[in-house]
Amino acid sequence: MRIDILTVVPELLTSPLHESILKRAQEKGLVEIVVHNLHDYAHDRRKTTDDYPFGGEAGMVMKCEPVFELVEKLQSERRYDEIIYTSPDGARYDQHEANRLSTLENIIILCGHYKGIDHRIREHLVTREISIGDYVLTGGELAACIIADSVVRIIPGAIGDEASALTDSFQDNLLAPPVYTRPAEFRGWRVPDVLLSGNFAEIAKWQDEQAYERTKRLRPDLLNE
Ligand code: ADE
């Protein structure tokens, strides 16, 4: 899989995409993540990527030209399955969408900034708008990191223990059951006996019950989806 991220602040994306599991997934050749600086596609002396909005409102708007030039260059090199724009107006991001994106071959993520992007980019280039929640960030870069992170970690082979990505919270609309590690007793708090029993059928039953009980208590909305 290849993920191209288009931004006016590439510095914001450097470290989150190049550490830990994402770093190893790239080293293993499971995914290629390429960050592009939109300022490199602005041709005036000051490398301007934004301008005042028509209509005289406050704030700046990202210009069409650098975005179209870069996207069209990328499209001349390979076919993209989805051109995503990160925006609070978008469809709410969730595990189902992460799963879907992880099956695609090539995606572009365009990070919004300033007051937004020229609407013609949204109408004629973008194929999917994604919001990571009902709050406003200073820009789409952190949202792009969240999307890239959640997509890459479920690519087969990205996580050492293959099974663990499938038992995450949300994979089956249930929160994950509690987990414990050694010592079996800490400050008088004991790990549930069943987990020490070695009886894997009983452990699996307990985990299912816990997942259901926690979901019912903490996120009952998930049970109705
Ligand atoms: N850009 C600004 N706020 C955002 C949000 N909530 N989701 C995605 N992109 C954003």
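Even glycines carry a Cβ here, placed using N, Cα and C.
Listed features, source TrEMBL:
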- 1-224: domain 'tRNA methyltransferase TRMD/TRM10-type' (DOMAIN)
- Gly112, Ile132, Gly133, Asp134, Tyr135, Val136, Leu137: S-adenosyl-L-methionine binding site (BINDING)
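Shown on the structure are the features that TrEMBL records.
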{"residue": "Gly112", "record": "S-adenosyl-L-methionine binding site", "DSSP class": "coil"}
{"residue": "Ile132", "record": "S-adenosyl-L-methionine binding site", "DSSP class": "coil"}
{"residue": "Leu137", "record": "S-adenosyl-L-methionine binding site", "DSSP class": "coil"}
Which chain neighbours of the S-adenosyl-L-methionine site, leaving out Gly112, Ile132, Gly133, Asp134, Tyr135, Val136, Leu137, have a Cβ atom within 8 Å of the mean position of the site's Cβ atoms?
Pro88, Ser131, Ala143
I'd like to verify something. Among the binding-site residues Ile132, Gly133, Asp134, Val136, which ones have a C-beta closer than 6 angstroms to some atom of ligand 1?
Ile132, Gly133, Val136
Nonlocal neighbours by CB distance (under 8 Å) for Ile132 (S-adenosyl-L-methionine binding site), same chain, sequence gap 6 or more:
Thr86, Tyr93, Leu142, Ala143, Ile146, Ile147
Return the single residue from the binding-site residues list (Val136, Leu137) that has the minimum number of other CB atoms within 10 Å.
Val136
Using Cβ atoms only, which residues of the same chain lie under 8 Å from Gly133 (S-adenosyl-L-methionine binding site) while being at least 6 residues apart in sequence?
Arg92, Tyr93
When you tally the Cβ atoms that lie within 10 Å of each candidate's Cβ, which of the binding-site residues (Gly112, Asp134, Tyr135) has the highest tally?
Gly112
For the domain 'tRNA methyltransferase TRMD/TRM10-type' (1-224), what is the mean per-residue pLDDT, to the nearest integer?
94
